[in-house]
Structure formats: C-alpha cells, structure tokens
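Have a look at the structure below, then the notes.
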Amino acid sequence: MAVSSLPKPSTTAINYLSPKYPSRFSTKNPTFINFSTFHSVFQSKWRNQLGFDCVRVAGDRRGSAVVRCTAEGIERSIPFGRRSIGSTAEDRAAAVGGVVFGLPERFKVVALTAFVMCLCNADRVVMSVAIVPLAAKYGWSSSFLGIVQSSFLWGYIFSSVVGGALVDRYGGKRVMAWGVALWSLATLLTPMAANHSTTSLLAIRAFFGLAEGVALPSMSTLLSRWFPGHERASAVGMSMAGFHLGNVVGLLLTPIMLSSIGVTGPFLLFSSLGLVWLMSWIPGVANNPRDSQNISTSELRLIEAGKVDSTRHNATHLPLSRLLSKLPTWAIIFANMTNNWGYFVLLSWMPVYFKTVFNVNLKQAAWFSAIPWGTMAVSGYFAGTTSDALIKSGYPVTLVRKIMQSIGFIGPGLGLLCLNFATTPTVAAVLMTVALSLSSFSQAGFLLNMQDIAPQHAGFLHGISNSAGTLAAIVSTIGTGYFVEWLGSFQAFLTVTAMVYFMAAIFWNLFATGEQVF
C-alpha cells in the first residue's frame, strides 16, 4: 500500500523519536503517525547511525512497516499503526513481522539453475549405466554401444544453435522450462522405446538430446543477466557443480534402482523430478532482474553496476560470417570441441571401461566412475571463485581466462596419458579424478569467454560452439567403440585424446581474448 493511501489522522502529528515517548513504537494501542513529518526524522536518524539510507517501502497486516536499507538483503519490520496488508512482495514478506533477512534473489536463481543442471546430467548418465544390462539382453557389440551412446548427441547438435538464438530472443527462463519439460518426457519414454525396438530407442534418445541442447545456453545467458561481472564465474561454477554432481547422482542411484525396480525405475524417478522442478521455476524466476517482483532495489543496483548491459535487445542480428571471421571465436569453438571430446569419452565409457579393463561389477564400476565427477563439482566451483578473485583484484580478464583454460586442458591431457599405465581400478579412479577435476577449470575459461567477447550474442555463439563440440563428441564416442573393438584396449584412444588437449591449449593461448569483440 502506498504511503499516500494511508488514512490521514485527525490528531496532531506525534514525534515518537522524542524522549517523551521512550517506548518508541511499542505502544499497546498504536496511534497513526503523520508520515510526511515522521519520514524525514526517521530517515535522517537511521542514515546517521547506520551509514546508509533506510526508507519505508511496505507494511504488514499487524500494522508494521518494512524499512529497506541499502545494505543488501536486510529488511526491518517496525510497527506504525494498524493497516491492511498490501499486495507487493515486500508486504507479504513483512507479514511475518520482526526482522526479516532476505536471501538475495540472484542466489535463488543460481540454486534452481544448479538443481536443473544436476538433473540434466543425471538424465544423461542413466543410459551410460543402463546400457550394460540392455547390451547383455539384446547382444549389442562394442561398436553398436557407441552408436547408442552417441544417439543423444544427434539431436543435441541440432538444438544448440537454435536454442542459443531462442535464448537471446526470449531469455533463459522460458527456453529452459520448455527444454526440461520435453527432456523429462523423453526420459520417461526411454525404457518403453528400448522394449519396442532399437530404432525407437535411437529416436527417443535423439529427441532427448534435442531437448537438452538448450540447457547450457539458457544457463549461461540467464546467469550473465543475474550476476555482476565479478560474481559471474562463481555463479557458473556453482551451476556447473550441480551439472557434475548429476553424474554422481545418476551413477550411484541407477544401479540401485536397476537391481531393485528394474530398467524403468531410474528413468521414472528423474523424469518426475523434472516436473517437480518446473513448479518452482515457472513462478519463481524472471529472465531479467529488472522483471523480478521479488528483487530489492539495492540488489538490482548491485547487479546493474557490476556488469555490461547484455539484457537489452540488439536489433541487428550478428551474421554468421562475421562471427566466424574472428580468431577469438575460433578459439572458443576449438576449446568447446576439445572439452566435449574428452568429456563425453569419459562420461559415456567410464562404467564400460572399469568393467572391461578391471572386471569389476556394475555397482563397483558406478562407484569408481562417480568419484571423479564429485571432485569435479568441487574443483569447478573453486576455479570460478578463484577466477572472480583474480579479476576483482585487478588481473586482466584475458590473462585469467588463459590461465584457467590452460589448466583445464593441460591437466587432463597429462592425466589421460598416465591412465595408460594404471594397473588397478583404484589407481585408474585417482587418475581420472585428477583429469576431470582439472578439466573443470574450463568453466572459468571458454565457457565464460562467450559473454566476454559477445555479450549481446552469447546465446548464438554458445549454440555455434556447442554444435561443433557436439560433433566432436559424436566422433569421440563412436570412435572409442571402434578403437576398443579394433585394438582390444582403451589405451590408444586415451593417448589421442591427450594430444587433442595439448593442441587446443596452444591454440587458445595464441588467439583467445577477454575483450569485447562483437
């Protein structure tokens, strides 16, 4: 309720700040205050004592007024007399009375984003585990296993560019919501498709990939709008930590549910979680902090002061020819290709690797495969916070991006070379843990660099680079199957992957930049 709509008292204005009224605002029968007189005294007093402005913004049903201060996330509820409850977010929050400490709205956004990224990867990895009993049931060869594993990427490659363009136009909230709804449906239908025919399975997995292709562009664009530049790497690190924890959740829960419920169990669980998440996402998140009904003025001011304004729509569409004419674009594209090449080899083949090379059972293979992804979540968040700290302390963005990406490529390359000499599953798990933990530094490298060089077209650039990365993932996933069938071991392909990492690191350091190009 606006201040002007309060009923005007018929009595003389009372100054509750005078010594005559030592109880201040806690009278048994509160009297209405002449707010025009009171406001200047109150605001001045709080400004002088606390060092920042405090203003009355709303009231509650008990006759309190919420005083919001420029110190972020703090609200105080102070009785000013009986009044009806208002309809704003502040009114509803104040209805509980007392002192209200509000969680910054951007933290709620990143928490929901991290959860859905966890679900995104958990839905993917279910098939990496379920494919072992399915292959035994249907007699699939190693080469055909690679085809089934890669079928997810067939749809993924087509939706990345379109999804990125849709995100630039409609924002991350709406596109992410549609993506989750569709991939949850595809997850639910996967076991039924497998029972029907191999063709149906490949088709539903391709549809699943088509829906999931919008997840990363949506995440990247949404967080760039909700977080200032010096917090963006941490926000992406937190969301990607959820993404990697999805591997852990999927790898650990799937074998348990397969043995207790059957093949349909894990697919039913994760599809249901997607629908539950949608019920919180749709009413609780806005594309842009300016459109949020729950954000405080101080938080909005903090966000807008700390970033380039990438929220306004650019009427001029960036031509693909111009985008591809710059070497920093190709640095991002090659980095994405390399990252996906190694990532999907390990994601798709780790359970099969441990079962084939070290002859461990499915549950043990899941545990050995899950540990590296858990540490990757932690190291990715560490990379993000370290990157933010370096930039905040004055290091050039270009230098920080190059350092982080170099660690993200050279580290896993060395880890995969050493993996060729592992003789026990424990040693192999340690080396994979090192490789994946260091590869997560790429999140503070090329993944953030898209917003650096093209803040107005980051979704489109993300789509282009992600499509190229998906093509590389298809080649590596299928290629691993053929290499294993041809040579009888994983070692040769691990060496090839390590060499790809080293070459990409050189190209990145030569041509990447943290400056805006488009």
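Every residue, even glycine, has its Cβ placed from backbone N, Cα and C.
The feature domain 'Major facilitator superfamily (MFS) profile' is assigned by TrEMBL to 109-516. What TrEMBL lists as transmembrane segment is 144-168, 235-261, 330-350, 370-391, 403-422, 460-484, 490-511.
Outside the transmembrane segment (144-168), and at least 6 residues removed from its termini, the chain residues within Cβ reach (under 8 Å) are 124, 127-128, 131, 135, 175, 179, 201-202, 205-214, 217-218, 221, 344, 348-349, 352, 456-464, 466-467, 470-471, 473-474, 477-482. Annotation: stretch 460-484 has the most Cβ pairs under 8 Å to the transmembrane segment (330-350), among 235-261, 370-391, 403-422, 460-484, 490-511. Pairs of Cβ atoms less than 8 Å apart link the transmembrane segment (403-422) most often to 490-511, out of 370-391, 460-484, 490-511. Over the domain 'Major facilitator superfamily (MFS) profile' (109-516), the average per-residue pLDDT in this prediction is 85. Packing against the transmembrane segment (460-484) from elsewhere in the chain are residues 142-147, 149-150, 153-154, 156-158, 160-165, 167-168, 213, 216-217, 220-221, 318, 320, 323-324, 329, 332-333, 335-345, 348-349, 356, 446, 450, 453-454, 490, 492-493, 497, 518: each is 6 or more residues past its ends and has a CB under 8 Å from a CB in it.
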